[in-house]
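Asks: I have a structure here, written as structure tokens, and I will follow up with some questions on it.
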Amino acid sequence: MADIETKSSQNQPLKTQNIFIGAQIFLRIVVIAASFASTWLMLTNKQTIDIGGFVLDANYSYSPEFKFLSYANIVVGAFSFVSLLFLVLVGRRSSNPTYYFILFLHDLALMSLVLGGCAAATVIGSLGKYGNSHTGWMQICDHFGKFCKRATTSVAFSYFSLVCLLILTITSASKSRQIQV
């Protein structure tokens, strides 16, 4: 095992390895920031309006899709922090492709989770913005503009996190291809 690790680190120049590790660290920090920004925007998203004496309120907790997105972002942010620690502790010392395979699986799982949250929130957001005339569901964003804008911004941060996780998944997969069996 030590021979494989030595050969792998000799095949790759140190500068390239440092750039790769730096990019991984940067992208993971961006994922953490975007995930927690999305979570904060969604968890604090509420609006109350008065229409003809009727007080109506909109809150993220009324929608299971928005709650799922928030919880998915919390999990993604927390596990991205764990993977950042793993990368800092292990990545600097060793360029063993097995470690990058572990990161690949980790990033793929997180990407799948945030993709599910984004898809669910996008569907309910579209329904709120445009309604559905076939089922009789009316649009609400013309009345709850602030609520819809914050929800849209939250989902946009989640999609940004998704793109960063996709890049991390691709780079980790590329790096793990060097595993010798």
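Including glycine, each Cβ sits where the backbone N, Cα and C put it.
The N-linked glycosylation site feature in Swiss-Prot is assigned to Asn59. Among the features that Swiss-Prot reports, topological domain 'Cytoplasmic' is placed at 1-18, 92-100, 172-181, with the record citing sequence analysis. The topological domain 'Extracellular' feature in Swiss-Prot is assigned to 40-70, 122-150. According to Swiss-Prot, the feature transmembrane segment maps to 19-39, 71-91, 101-121, 151-171.
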Asks: With an 8 Å cut-off on Cβ-Cβ distance and a minimum sequence separation of at least 6, pull the same-chain contacts of Asn59 (N-linked glycosylation site), or say none.
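Replies: Correct list: Asn45, Lys46.
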Asks: Taking residues 6+ outside the topological domain 'Extracellular' (122-150), which of them lie with a CB under 8 Å of any CB in it?
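Replies: Same-chain contacts beyond the flanks: 41-42, 44-47, 49, 51, 56, 58, 63, 65-66.
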Asks: In three-state terms from DSSP, label Asn59 (N-linked glycosylation site) for me.
Replies: strand
Asks: Are there residues at least 6 beyond the ends of the topological domain 'Extracellular' (40-70) whose Cβ is under 8 Å from a Cβ of it, and what are they?
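Replies: For the topological domain 'Extracellular' (40-70), the nonlocal Cβ contacts are 116-118, 120-121, 123-124, 140, 143-144, 146-147, 150-151, 153-155, 157-158.
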Asks: Using DSSP, break the topological domain 'Extracellular' (122-150) down into helix, strand and coil residues and give each count.
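Replies: Helix, strand and coil residues of the topological domain 'Extracellular' (122-150) number 15 helix, 2 strand, 12 coil.
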